[in-house]
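These features come from TrEMBL:
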type	residues	note
DOMAIN	334-465	domain 'GGDEF'
TRANSMEM	13-33	transmembrane segment
TRANSMEM	45-68	transmembrane segment
TRANSMEM	80-97	transmembrane segment
TRANSMEM	109-127	transmembrane segment
TRANSMEM	139-159	transmembrane segment
TRANSMEM	171-190	transmembrane segment
TRANSMEM	210-233	transmembrane segment
TRANSMEM	245-265	transmembrane segment
TRANSMEM	271-290	transmembrane segment
Amino acid sequence: MLCVAYFALPWDLAATAINVVLNAAAGVALVVGPARARTMVRWPWFAMATSMWFYAAGLSYYGAQVVLVGRDVFPSPADYLLLAGALSLIVALTGFVRVRRAHADRPGVIDALIVSTGAGMLSWVFLMSPHVHAGGLSGLARVVLLAYPVTALFSLALVLRMALGRRNRPVPYLMLVVAVAAGLFSDTAYSLLMLSGTYRFGDPIDLGWLAMRVLLGAAALHPGITGIFVPTATRSSGVIGNGRFAALALASLCAPAALTIQWLRHERLDVPVFACGAVVLFLLVIARLWGVMSGLSRALATVERLANTDQLTGLANRRQFHDRWHRVLAGSTGPTALLYVDLDGFKPVNDTLGHAAGDAVLVAAADRMRTNVRADTFIARIGGDEFAVVLPDVAGDDAHSVARRIVEVLAEPFTVHDGEAVIGASVGVVVADAGDDPDVVLRRADAAMYAAKARGRGRVGVVDGVAPAVDAAVDAVVG
């Protein structure tokens, strides 16, 4: 009803009074709502309420000065109160951004800075430059006139920061964003109309201010207010949507566009201002691209790691093993031992205890092998219960010792799901020299493993030439 009366009543004093009441009421709602909901963080709401009360006080003074007394003094205490309200709004928006943030969201910050810097270039042309170059203004008046668009740009950067980068946006949060955006629209339109001398009370642009007050009060009283400060994940820095890409592209062109507008209007060219703006935009865009490239590099590294890693045991998978095995033999200068390990009795564990227990045994077996070999040893899971162990610069006796140790540690019982599982291992050993065919060597190790398994399992088979020989027992020495 107040909003309807604002536009319906013909008196400037009535419009001013309604505006004051709406600001004061919004401030009360911004205090009562969070207190009633018992939100954990309240100070941004209180800062927003303080902003509304500063606006109410400033408008009250302005109404008394202009409407009742008929004196239009500039700058006046009304301007200082309104600027205090703008600064309080910046503090409130900063609080909403910082408290809601789960972790640093640099892409969102950079995007907001790019768009607000581009808007600043246009603001300079249409709002700031006329005051800077105008004659007959005192230094204080010039500072106050410039303070309005500058504080608006800070608020724009913060509201863009709120709007960008968050996946979960509760209804009160969206109401806050829309409210501030509506207020900034009216602020900008008001400044343009004041420069042209065409603003009047009850102008349609006032609707943005009225909507801001109503939406802020509604957001504070909304039952979902407690969800505003729940930290949320940010969007991937390696992805820029079409809409955001278009906004960033347009913002990047604002500096030359603003300079062109001044030239077309035959105004004084503020080249230093636009040069600085262009440099800032360039550096921000470079920083954004660097972030995208870094994000893509991390994503590619993750994909490559997943493609080369066995997800259950964390060991290298068959794909990475074949790549590493070929490279080792191609670049080695000494002997390289290959151990082909096959678990004995693993299928009964799966059948009796279940696949979850079988997976636990595989993980434990991988850990035991890792802890019983040298740090430079390469281990891969190349099948369901088959593993390959590459020992660089290791000859026959040492390779056999490592194989025996693996057989021994895998023969010890495994504790799974409050029970015990007993398995074993058969190991085929082959020592390769530089230049040997990797596939042939792998087949020999596989044959040695099957020969060991055929002789009773829990044994080590060692290749002697092209035919595998199997030791009589695990602790026997093979020549």
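Each Cβ is built from the backbone N, Cα and C atoms, and glycine gets one as well.
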Exercise. Would the transmembrane segment (13-33) count as touching the transmembrane segment (80-97), i.e. at least 3 C-beta pairs under 8 angstroms with sequence separation of 6+?
Worked result: no
Counting Cβ pairs closer than 8 Å to the transmembrane segment (109-127), the top stretch among 13-33, 171-190, 210-233, 245-265, 271-290 is 245-265
Mean pLDDT across the domain 'GGDEF' (334-465) comes out at 90
Checked against DSSP, the composition of the domain 'GGDEF' (334-465) is 58 helix, 40 strand, 34 coil
